[in-house]
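Visitor: So Swiss-Prot has the following annotated:
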BINDING   ASP175, ASN177, ASP179, TYR181, GLU186  Ca(2+) 1 binding site
CROSSLNK  LYS26  SUMO1 cross-link
CROSSLNK  LYS90  SUMO1 cross-link
DOMAIN    67-123  domain 'EF-hand 1'
DOMAIN    126-161  domain 'EF-hand 2'
DOMAIN    210-245  domain 'EF-hand 4'
LIPID     CYS45  S-palmitoyl cysteine
LIPID     CYS46  S-palmitoyl cysteine
MOD_RES   SER14  phosphoserine
MOD_RES   SER60  phosphoserine
MOD_RES   SER63  phosphoserine
REGION    243-256  region 'Interaction with KCND2'
Amino acid sequence: MQRTKEAMKASDGSLLGDPGRIPLSKREGIKWQRPRFTRQALMRCCLIKWILSSAAPQGSDSSDSELELSTVRHQPEGLDQLQAQTKFTKKELQSLYRGFKNECPTGLVDEDTFKLIYSQFFPQGDATTYAHFLFNAFDADGNGAIHFEDFVVGLSILLRGTVHEKLKWAFNLYDINKDGYITKEEMLAIMKSIYDMMGRHTYPILREDAPLEHVERFFQKMDRNQDGVVTIDEFLETCQKDENIMSSMQLFENVI
């Protein structure tokens, strides 16, 4: 039961909480707030847990440390270059690559594999759609595969990035068609995918209209000029003035 309750918390860059947990009749007059991330919820982030679980040293040689394994079909960028691109230390990059290589010997993660990973962490629901959206957010060049470089750059932003960088990453996740705007349709698709991932056995039971209500609250807060879309400027300005979001972003720092 405790795990089910904890699974309700947002993760993987999601800034949205769950309005479905409080009956509508009791929410009147209550100021809407996004829940803060907990360290426990963050450490259950599928990507982090998946990689770190395989990152323990297993007698690897120096070639592992230098990210130059001839058996890997996709060779990642050099260690120095990745260290310059991210906010990870050399030792952290070596550990992350060891875990990535153990799980993905080819050096690539395709979308089907990514969905399988998420399905294992959310067996009570359907994580397929949310995994699709998250995969596209990590697949920076849109080539249908997540390279180690894609993984560590995204992870660096989520764990060590500035608030501005994290918010831009979150906006990119919500902007499904990457046209620079978040529409109600896009946000509803994201919210439905999150609720589907939670499953039907959560407690308290989620109401059917919770995703739509969440979207309406999101746009009331974010759509400053009420033109039906949320721009990156509106998103950044509103979020950076929200103490709840600012506090939640700090929990991404120094986790690894």
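From the backbone N, Cα and C atoms, a Cβ is placed for every residue, glycine too.
Would you situate these features in the structure and describe their surroundings?
Guide: Non-local neighbourhood of GLU186 (Ca(2+) 1 binding site): TYR174, ASP175, ILE176, ASN177, each in the same chain, at least six residues away, with C-beta under 8 Å from its C-beta.
DSSP gives LYS90 (SUMO1 cross-link) a helix state. Non-local neighbourhood of LYS90 (SUMO1 cross-link): LEU79, GLN83, each in the same chain, at least six residues away, with C-beta under 8 Å from its C-beta.
Within the model, the domain 'EF-hand 2' (126-161) carries an average pLDDT of 91.
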Visitor: Please spell out the DSSP helix, strand and coil residue counts for the domain 'EF-hand 1' (67-123).
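Guide: Per DSSP, the residues of the domain 'EF-hand 1' (67-123) fall into 32 helix, 3 strand, 22 coil.
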Visitor: Excluding ASP175, ASN177, ASP179, TYR181, GLU186, please set out which residues of the same chain place their CB within 8 Å of the center of the CB atoms of the Ca(2+) 1 site, keeping sequence order.
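Guide: Filtered neighbour residues, in order: TYR174, ILE176, LYS178, GLY180, ILE182, THR183, VAL229.
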Visitor: So how many other Cβ atoms are close to ASN177 (Ca(2+) 1 binding site), meaning within 10 Å of its Cβ?
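Guide: By my count, 11.
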Visitor: Taking every protein chain shown into account, which of the binding-site residues ASP175, ASP179 has the largest tally of Cβ atoms within 10 Å of its Cβ?
Guide: ASP175
